Amino acid sequence: MIELGINIDHVATLRQQRHTAYPDPLAAAVRAEDAGADLITLHLREDRRHIQDADVYAIRPRLRTRMNLECALTPEMLEIACAVKPSDVCLVPEKRAELTTEGGLDVLGQFDAVADAVALLTEAGIRVSLFIDPDAAQIEAAARAQAPVIELHTGAYAEAEGELAERELERIRAAVDVGLLHGLRVNAGHGLHYGNVQAVAAIDGISELNIGHAIVAQAVFDGWEKAIRDMKALMIQARAR
């Protein structure tokens, strides 16, 4: 069964826009689990633009499912991850000027640093995922770095249309095959929404999709729980075909 990770970053974005105490990411996480989320994903960025350190520490002990903490490959973030001990840490690239994560982690270009981080987090009892582009060389490097999980960046597919979207989808399919060949758990995410999720969810071998912005946006109209249930239903329907 394919799993749905609910990214709560943009619940925190709404809060930070006015520097209020609401909406509370912890409440969003708990209610997401009630609605069927299989895990809760949150990105503690270096610039703290949405999720704050206090959120991470407050949410971790309250979850009944899993916490998937996204963070950059920096000493500060690795120290926080080891202190919090989430079930999973997904290492992602970060640029301060970006609106959202723009590309995958360059495992090849910083192999030693990635391998060291994987070893550190694994020693702390944390499963490590690397957020990478659907590229065979990067996947092979992730396997050599001893990461047990990869998350394929689906942004190029999400932004494409027509024939280009189909080509990007084929890249994802091929990347899944490479990941499985290397014994990796393969997840995916970025830019997925109600109109494009099923093509990705239908790919055998993908274990988990992490989705946030689209669900937060739909919740404005339908409510948080319904927005989550509807997304999960689309994923399950696609996988059952």
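Think of each number as a place in line: the chain as shown, counted from 1.
A Cβ is built for glycine as well, from the same backbone N, Cα and C atoms used for every other residue.
According to Swiss-Prot, the protein has these features:
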- His43: active site, proton acceptor (ACT_SITE)
- Glu70: active site, proton acceptor (ACT_SITE)
- His190: active site, proton donor (ACT_SITE)
- Asn7, Arg18, Gly191, Gly212, His213: 3-amino-2-oxopropyl phosphate binding site (BINDING)
- Asp9, His10, Arg45, His50, Thr100: 1-deoxy-D-xylulose 5-phosphate binding site (BINDING)
- Glu151: site 'Transition state stabilizer' (SITE)
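By a simple count of nearby Cβ atoms, those within 10 Å, the most crowded of the binding-site residues His10, Arg18, Arg45 is His10. Every protein chain shown contributes to the tally, and the Cβ of His50 (1-deoxy-D-xylulose 5-phosphate binding site) ends up with 21 other Cβ atoms within 10 Å.
Listed in sequence order, the recorded positions from His43, Arg45, His50, Glu151 having a Cα within 10 Å of the Cα of Asn7 (3-amino-2-oxopropyl phosphate binding site) are His43. The Cβ of Gly191 has fewer other Cβ atoms within 10 Å than any other of the binding-site residues Gly191, Gly212. Considering other CB atoms within 10 Å as the measure, the emptiest surroundings among the recorded positions Asp9, Glu70, Glu151 are those of Asp9. Among the recorded positions listed here, namely His43, His190, Gly191, Gly212, His213, His43 has its C-alpha nearest to that of His50 (1-deoxy-D-xylulose 5-phosphate binding site). On a Cα basis, His10 (1-deoxy-D-xylulose 5-phosphate binding site) lies 13 Å away from Gly191 (3-amino-2-oxopropyl phosphate binding site).
Listed recorded positions: His43, His190, His213. The one with the lowest count of other Cβ atoms within 10 Å of its Cβ is His213.
Taking Arg45 (1-deoxy-D-xylulose 5-phosphate binding site) as the reference point, the recorded positions whose C-alpha atoms are within 10 Å of its C-alpha, out of Arg18, Glu70, Glu151, Gly212, His213, are Glu70. Just so you know, the Cβ of Asn7 (3-amino-2-oxopropyl phosphate binding site) picks up 25 other Cβ atoms within 10 Å once every protein chain is counted. Classification of Glu151 (site 'Transition state stabilizer') by DSSP places it within a strand.
For His190 (active site, proton donor) paired with Glu151 (site 'Transition state stabilizer'), the C-alpha to C-alpha distance reads 10 Å. If you take the CA of Gly212 (3-amino-2-oxopropyl phosphate binding site) and look 10 A around it, you hit none of the recorded positions from His43, Glu70, Glu151.
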